[in-house]
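**Student:** The ATP binding site feature in Swiss-Prot is assigned to 174, 175, 176, 177, 178, 179, 180, 181; the stated evidence is sequence analysis. Residues or ranges marked as compositional bias 'Low complexity' in Swiss-Prot: 25-34. Among the features that Swiss-Prot reports, compositional bias 'Gly residues' is placed at 521-538. Annotation source Swiss-Prot lists region 'Disordered' at 1-41, 521-554. Positions annotated as motif 'Q motif' by Swiss-Prot: 130-158. Look at Swiss-Prot and you will find 284-287 tagged as motif 'DEAD box'.
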């Protein structure tokens, strides 16, 4: 089945020219075996032996996004002057309304949107679809979707697919874990298969920008899975790892590039790729990218892409900075919002907020873990305010017999990937993280989130606890709140009230007497490493190499 007479790729990776085009020569892409998923971001085969640990790594700079935040990035990129009349034409409108969708009354459509707390803005917005068949995807896409066992589209997919397939610029606002990745991935696959083949030296057709390497790798996994039948090649471009494999992928040619902004600009400045062929641009977690200071890099990257592209922007929130970005780079966009536009937490999450002093935190954390880990299937993600505290808490837990590991921006990429895999598989069901991971981690079955330190703002609180209660499941979020956090009390109570959660009387008192006193931080014990981790070798920082204490707690 071909789409609007475009270029079709069947199971044998053959291509048939359906006319149009404008790009020279139908480059065959050379690789009869297709592409297994883009090299960079894969797992590991070997174990990590060796005796002891070498005391951790020196500071690597970086923070969120692994060193992507460099203010002079992009200075070497030339400003592009676009003459749309001379650019090759491309297809971007593929949506044909299914008869069942067309025959629904407006009342039925309104009730469907109301049921899923869905609001839309813009002109000539297509109606939502209720089944995968109604979306009108080609068979090669539908077969992959059905093979995954999905029963029906999520709310954001129901409305997002018709919008994206129509070729319009799209803004989607939905909570993390709502299925938004597939909302843009499947239309991207259709878009690619309607374009002329890549010629030698061409850059990607689809570019996905993401704030963190963890999220980028997760997006790559989805693209790989659903692009498999049509041999779509991809690569993941992010900092903190050697550039060689990424350069190799780009030079061979990939239809999809998933990237963090800093490393992509590195590649562009070095001439390792170009964005001349990009006709489908995705900004995923746009709010997070702006929070992390990537706006200048995003603007430089977009300046290298033809202005008549299709742009899809996805975000969990809709602050004024994101609205401005949409206004600057999207044309006549249509928008879908799932849930309230006010900052709110997932109602499937039970939120427990305890007002504590700093010196009480460790004992209270242990008591909660004892209860949580009574069920061996549970997983707990613990958030701390700093990398230092993350490492201290991890050592403390491991020495107390708990199978905890930590992840943050100063860990080498190899170690971060290993920790994530240990957590996902349940081998280490407790993971300690900083905010660098608060939106980048996609582990579907996290049952508990524990905020050891309260975040700097309410948006980060909502995103942190959103790691649990995903894909329709229920979850529990436990938060330690101190007098040092009192300025955040009013916003937190608003979120708790909206979600109909119980409120600690001491928290309510902080709101009444807002701004209450300081109360210095209780001193943290210096849980220095004890040397000689078991079989972990010098590949791991001291906190993750600390041996489990003799009193195994799990």
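A Cβ is built for glycine as well, from the same backbone N, Cα and C atoms used for every other residue.
Where in this structure would I find these features, and how exposed are they?
**Tutor:** In the three-state DSSP assignment, the secondary structure recorded for residue 174 (ATP binding site) is coil. Using a 10 Å radius centred on the Cβ of residue 174 (ATP binding site) and all shown protein chains, the other Cβ atoms total 24.
DSSP places the residues of the motif 'Q motif' (130-158) in helix, strand and coil in these numbers: 16 helix, 0 strand, 13 coil.
Note on the motif 'DEAD box' (284-287): mean pLDDT across this stretch is 92.
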**Student:** Mind checking how the motif 'DEAD box' (284-287) divides into helix, strand and coil residues in DSSP?
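**Tutor:** Output for the motif 'DEAD box' (284-287) reads 2 helix, 0 strand, 2 coil.
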**Student:** Give me the count of other Cβ atoms within 10 A of the Cβ belonging to residue 176 (ATP binding site).
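**Tutor:** Excluding its own Cβ, the number within 10 Å is 19.
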**Student:** Would you pick out, from the binding-site residues 177, 179, the residue whose Cβ has the largest number of other Cβ atoms within 10 Å?
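**Tutor:** By the 10 Å Cβ neighbour count, 177 comes out on top.
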**Student:** In sequence order, which residues at least six apart in the same chain have a CB under 8 Å from the CB of residue 180 (ATP binding site)?
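**Tutor:** Residues satisfying the criterion: 156, 160, 172, 174, 284, 314.
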**Student:** Whose Cβ lies within 8 Å of the mean position of the Cβ atoms of 174, 175, 176, 177, 178, 179, 180, 181, the ATP site, other than those residues?
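**Tutor:** These residues sit around the ATP site: 154, 156, 316.
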